[in-house]
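J.: Below are the structure tokens for one structure; questions will follow.
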Amino acid sequence: MKPMYQFFAVFWLFLPFTVISGDNNKNLIFKGCASQKSPDPTGAFSQNLNTLFTSLLSQSAQRSFASTTAGTDNATAVTGVFQCRGDLPAAQCYDCVSKIPKLVSKLCGGGGGDGNVVVAARVQLSGCYIRYEISGFRQTSGTEMLFRVCGKKQSGDPGFAGKRDTAFGAAENGVKTGGDGGGFYAGQYESVYVLGQCEGSLGNSDCGECVKDGFEKAKSECGDSISGQVYLHKCFVSYSYYSHGVPNISPLSDGEKRQHTQRTIALAVGGVAVLGFVIVCLLVLKSAMKKKSKYDSY
């Protein structure tokens with residue numbers, strides 16, 4: 001008889017929120033762990049889960065979203081997805097996703113080592129997430145709110161709400177034209193920076209509706225807070241208000257930082273070498289001048 005996992009409740013356990021930034025894609029945002037574990041006496045669940053993680057990780061080197069199922073037996077099959085933020089290069093996407101499998105066991109437990117497997121879990125990092133569920137687990141609404149955070153500071157700008165709503169509207173339209181891997185939009189309107197992304201399984205229209213719902217929740221939950229982020233089951237949104245204008249910052253990736261550091265070191269070493277050569281030349285010239293002066297005195 002097929003286990004009735006759809007009746008099990010999911011309790012999302014929240015961890016401290018970390019602001020999304022280009023060079024900090026692996027910070028933990030939140031974890032969501034099903035309250036129920038499934039006995040795994042044969043190790044079938046664990047094997048399928050490991051196969052799932054391996055498949056998702058492999059695909060993350062080539063794309064920003066993938067969904068797959070591991071296992072041919074419906075009773076032990078495991079379905080999962082990964083998704084990276086739309087502005088992450090493939091190498092950073094892979095690096096981000098590679099951190100999650102170990103975190104699932106660490107944060108949710110029931111990784112098979114104790115003879116049990118957590119029937120569903122989601123680990124969300126700043127730049128990516130993985131979620132999985134055992135076959136038969138209850139389906140969650142795409143617009144169910146999983147996590148949100150609002151900035152403590154309130155805006156004193158009387159035009160804040162209008163600017164924010166215009167930026168939200170631009171994001172809602174922007175995600176509908178997103179490419180493969182889910183609609184993604186990042187942009188600004190005057191002093192408001194917004195970001196929205198949908199899971200790759202959503203079509204353009206559904207994506208727009210999900211993001212719209214996310215922004216509505218952001219407004220109702222965060223009010224006049226100058227920043228907020230809302231994670232729904234199938235999409236997430238964020239916004240930040242800058243009273244002096246959105247900063248034009250383009251953070252370097254880890255690889256670019258290493259190249260920049262290597263160039264700096266090379267220039268420094270080269271500069272020292274040139275300086276040393278000049279000093280040697282001056283010393284030789286000085287010595288030659290002394291000898292010439294000595295000979296001239298005879």
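Using the three backbone atoms N, Cα and C, a Cβ is placed for every residue, glycine included.
Any TrEMBL annotation is an automated prediction that lacks curation.
From TrEMBL, here are the annotated features:
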- 26-137: domain 'Gnk2-homologous' (DOMAIN)
- 142-244: domain 'Gnk2-homologous' (DOMAIN)
- 1-22: signal peptide (SIGNAL)
- 265-285: transmembrane segment (TRANSMEM)
J.: Which residue counts does DSSP yield for the domain 'Gnk2-homologous' (142-244) in the helix, strand and coil classes, in that order?
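T.: Summed by class, the stretch gives 35 helix, 34 strand, 34 coil.
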J.: Count the residues of the domain 'Gnk2-homologous' (26-137) that DSSP assigns to helix (H, G, I), to strand (E, B) and to coil, and report the three numbers in that order.
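T.: Output for the domain 'Gnk2-homologous' (26-137) reads 34 helix, 40 strand, 38 coil.
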